[in-house]
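As recorded in Swiss-Prot, the features of this protein are as follows:
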type: BINDING; residues: Ser11, Phe12, Lys32, Lys106, Ala141, Arg256, Val280, Glu282; note: NADPH binding site
type: BINDING; residues: Lys106, Gly137, Ser139, Lys192, Asp245, Ser255, Arg256, Asn257; note: sn-glycerol 3-phosphate binding site
type: ACT_SITE; residues: Lys192; note: active site, proton acceptor
Amino acid sequence: MSKVTVFGTGSFGTALANVLAENGHQVLMWGKNETTINEINEQHINSKYLKTAELNEDIEATLDIETAVAFADIYLMALPTKAMREVAQTIDSLLSSKKTFIHVAKGIENDTYKRVSEMLEDSISPKHNAGIGVLSGPSHAEEVVIKQPTTVAASSKSESVRQLTQDLFMNDYLRVYTNEDLVGVELGGALKNIIAVASGVISGMGFGDNAKAALMTRGLAEISRLGEKLGANPITFLGLGGIGDLIVTCTSTHSRNYTLGYKLGEGKSLDTALNEMNMVVEGVYTTKSVYHLSKEVNVDMPITTALYKVLFENRPVDESVKDLMGRGKKAE
């Protein structure tokens, strides 16, 4: 059995910490919220993110990052994309040996437009980096933590990291496939959040199944276009890290991206919607990154562009729908 430090005490990090503990691994979680840390240690719950779900009693948690760094040789990086670089740099400053980093973030960094594995490569010295991977796919934390059947993909440039990730997490309710296409798996996880926000918007506006089906299909098309341009295998987007994640995020009220979009579709402002949710919504930050990235690499992404204008230029949602439906005639 392995020792694993989970950096982050959000919903998915907590659910995966529970999987690891259930699989017999020693788990230490690190976070900054003292109330959450105390809850995990004393009550074996994380009420902020997973309500009353009972956690494995062997999971421990700490506020002290030095303790967290020293605990294990395997790190699960379960942090928002915008926090990843800073925490990784802090970890690197405390290391004296190589560690394996597995992340579960689904975003693209603002300004640099880098994927999370690239951010980690930037932040972790080669002398401290034993390998970087990602675990991604259709996996709501709320279902994983209560052991409902879930299937995901583990990807890395390193075959040994892919195998390690599969071995760590796979059990009778969490099935893990390996996938060599790190670029595609990361991009699929990040870009589907954009489409999920847009899916929430059209639901909030009262549109039906026809509109949602079209949005998801054309959303997958623009995800694939950008992915191919950036070196991904287009087949990846037909797998768990692509269409699998897209379906679950665009159709479920568990999805914070969908929920945010729904509030926007009802006519609420971005600030109001975010304040009501009081959670990180990766799709907002990813839309900003990908809008600018698509211009830089000259890839047509009309849904991303329309959502960017809603989020950051205050364009009314009904006008953005007209923009999309009124585009010039094209072949599919």
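Just so it is clear, glycine is given a Cβ too, placed from its N, Cα and C backbone atoms.
With a cut-off of 8 Å between CB atoms and residues at least 6 apart in sequence, the same chain places Ala78, Val104, Ser139, Ala141, Val144 near Phe12 (NADPH binding site), listed in sequence order. Of all the binding-site residues in the list Gly137, Lys192, Asp245, Ser255, Asn257, the shortest Cα-Cα distance to Ser11 (NADPH binding site) is found for Ser255.
The full span of the recorded NADPH binding residues, Ser11, Phe12, Lys32, Lys106, Ala141, Arg256, Val280, Glu282, taken as their largest Cα to Cα distance, is 21 Å. Ser139 (sn-glycerol 3-phosphate binding site): 23 other CB atoms within 10 A of its CB, across all protein chains. The CA atom of Lys32 (NADPH binding site) is located 27 Å away from the CA atom of Gly137 (sn-glycerol 3-phosphate binding site). Nearest by CA distance to Val280 (NADPH binding site), out of the binding-site residues Gly137, Lys192, Ser255, Asn257, is Asn257.
Summary for the binding-site residues Ser11, Ser255, Asn257: the Cβ-based neighbour count within 10 Å is maximal at Asn257.
Within 10 Å of its Cβ, the residue among the binding-site residues Ala141, Val280 with the fewest other Cβ atoms is Val280. Under 8 Å, Cβ to Cβ, and six or more positions away along its own chain, Arg256 (NADPH binding site) finds Met277, Met279, Val280, Val281. Rounded to a whole number, the distance between the Cα atoms of Glu282 (NADPH binding site) and Asp245 (sn-glycerol 3-phosphate binding site) is 14 Å. Only Asn257, of the binding-site residues Gly137, Ser255, Asn257, have a C-alpha within 10 angstroms of the C-alpha of Glu282 (NADPH binding site). A Cα-Cα distance of 11 Å separates Asn257 (sn-glycerol 3-phosphate binding site) from Lys106 (NADPH binding site).
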